[in-house]
Amino acid sequence: MVCVNVELKERRYPIYIGENLLTDTGVYPVKMGDKVMIVSNPTVAQYYLTPVTETLEKLGCQVSHVLLPDGEKYKTLDSLNMIFTALLKENHGRDTTLIALGGGVIGDVTGYAAASYQRGIRFIQIPTTLLAQVDSSVGGKTAVNHELGKNMIGAFYQPCTVIIDTRTLVTLPKREVNAGLAEVIKYGAILDLPFFEWLEAHIDNLVALNQQDLQYCIARCCQIKADVVARDETEKGDRALLNLGHTFGHAIETHLGYGNWLHGEAVAAGSMMAAVLSEKLGDLSYSEVARLEKLLARANLPTVSPDTMQAEDYLPHMMRDKKVLAGKLRLVLLKTLGQAYVASDTDKSLVLDAIRVCSQNN
């Protein structure tokens, strides 16, 4: 087992990474209160709700659960209200702990519920998808979607513990594993060239769910994100760099309808658009763009825009991105592999050109 600590100004919390941790009583916080509510979905619950419940009961907790519909299209205020209703019906108070058992949707909605219920209660992240394990479960971003934009309603609210059991990936569909690798590759591309090079050598093992490589990879991603969050918890500076490909990717998700492309798939295509734009601006070299494209392709990820989208479809969605300031588009781009920056007010004609290069319709 590996433990990565997220060091914040006023407190810290651990991220435990290893095999068979769901049933390890030693990784659960001592201070959970007597009542715990697990939030999950039917897909995850069939595998992991019982072992987690039994482990919590061994710790003396009174455990209940609520199951939300499965999928990005259910990351909504309605799902949030389902959690609130369950908490209120069972008379849960401020001493209750919420546990998010699932992927990024479950983690984001549960975290926002914890931030809001009675003005804040404890919550634990138990991410069961690779994308959630390396990204969304760490750092305290919680949110639900709106029909006009992704993650537009939310809060920064940190978990008290993150428990990452790499064995949960065995039951994950291959498409979901691949989608998680988009966020993994992102970390190397923006901040860690040696890690990017390690991924070039080990990506096939990760696709095959080699446990040793998975644990190293997840721990490295969590450490990179923990370091960034420690410097910039509420995304006023460096944390924005973690959004490589996301402005383009969120446009894809919103335009197609949530869930048609997985988040990681949209981020992969968006990362290629950002890389091509970086090359057009004279930063990234052609060979570096090709390296990124090859690595994404080896992870079975898309590197081009959906065939149903035109370049002009992107900008209306992109202008609603949370990084937009004073009406100016801000994009995460690459100086070189391993070094990212935030570009402000980039020429929109160049943005459109980059999208067209990455289009199936060009």
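Note: Cβ is positioned from N, Cα and C throughout, glycine not excepted.
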Matching residue for the Zn(2+) site, where Swiss-Prot names Glu183, His263 - out of His246, His255: His246
Binding-site residues (Thr129, Thr171), the one with most neighbouring Cβ atoms at 10 Å: Thr129
Nearest of the binding-site residues (Glu183, His246, His263) to Lys73 (NAD(+) binding site), judged by Cα-Cα distance: His263
Chain-mates of Glu183, His246, His263 with C-beta within 8 Å of site centroid, Zn(2+): Leu131, Asp135, Ala182, Lys186, Gly245, Gly249, Gly264, Ala266, Val267
Fewest other Cβ within 10 angstroms of its own Cβ, chosen from the binding-site residues Asp70, Glu183: Asp70
Residues that sit under 8 angstroms from Thr168 (NAD(+) binding site) by C-beta distance, when 6+ apart in the chain: Leu22, Tyr47, Tyr48, Thr128, Thr129
Candidate with the highest Cβ count within 10 Å, taken from the binding-site residues Gly104, Gly107: Gly107
